[in-house]
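Feature annotations, reproduced from TrEMBL:
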type: BINDING; residues: Gly9, Gly11, Lys12, Thr13, Thr14, Lys134; note: ATP binding site
type: REGION; residues: 28-48; note: region 'NMP'
type: REGION; residues: 95-105; note: region 'LID'
Amino acid sequence: MFAITGTPGVGKTTVSEILRKKGYRVIHLNEVAEYYGCISREGDELVVDLDCLAERFDPDEWECDFVEGHLSHHVADRCAVLRCHPAELLERMKSKNWDEDKILENLEAEIVDYILVESLEMCAEVHEIDTTGKTPHEVAGIVESIYLRQAASPPGNVDWISEIGGEIDGFIRKRL
């Protein structure tokens with residue numbers, strides 16, 4: 001199973017929808033978690049119980065090419081981690097009227113490579129794609145090429161900490 005993962009707001013759902021329209025079978029991990037009763041609501045947030053999902057989810061039961069979601073790397077052996085420059089990601093989240101605390105949490109995760117590090121620990125094959133300045137169709141094309149083993153995008157090319165430097169807090173706060 002091939003995961004399309006990354007910090008919320010990087011374009012996973014949009015890219016997976018483009019791939020679905022091209023004929024690929026795509027499942028959304030949150031829907032799978034809901035199907036198995038492995039999701040709960042905590043305030044305004046949906047929380048996936050990963051232990052429950054690990055117990056109940058059998059990838060072989062789901063005939064799919066891609067699984068999409070910011071936790072999808074937990075259930076796949078291959079993945080593409082979508083990345084986005086924090087300034088662009090911030091604008092995307094603000095345009096969706098996300099709560100400031102949620103924006104800060106997701107920006108921090110993107111800046112410190114949280115999803116990438118998890119993916120490297122969990123998946124046998126990890127690719128990293130910088131979506132900054134690319135159209136969703138361009139990103140979908142890259143993901144498709146990687147899925148078909150016609151291309152590779154090894155991790156290590158994205159380093160927001162080096163780019164932003166030690167001013168992470170200032171970078172985020174002055175833009176909110």
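Placement of Cβ uses the backbone N, Cα and C atoms for every residue, glycine included.
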Output field, ATP shell: CB within 8 Å of site CB centroid, site Gly9, Gly11, Lys12, Thr13, Thr14, Lys134 dropped: Gly6, Val10, Val15, Leu82, Cys84, Thr131, Pro136, Val139
Local Cβ density at Lys12 (ATP binding site) - other Cβ atoms counted within 10 Å: 27
The one of Gly9, Gly11 whose CB sees the fewest other CB atoms within 10 Å, among these binding-site residues: Gly11
Remote residues contacting the region 'NMP' (28-48) - C-beta distance under 8 A, at least 6 residues beyond either end: 13, 16, 56-57, 62, 67-69, 71-72, 75, 99
DSSP-assigned states of the region 'LID' (95-105) in counts, ordered helix, strand, coil: 7 helix, 0 strand, 4 coil
Residues that sit under 8 angstroms from Thr13 (ATP binding site) by C-beta distance, when 6+ apart in the chain: His28, Glu68
For the region 'NMP' (28-48), the mean pLDDT of the predicted model: 88
Counts of helix, strand and coil residues, the region 'NMP' (28-48), according to DSSP: 7 helix, 9 strand, 5 coil
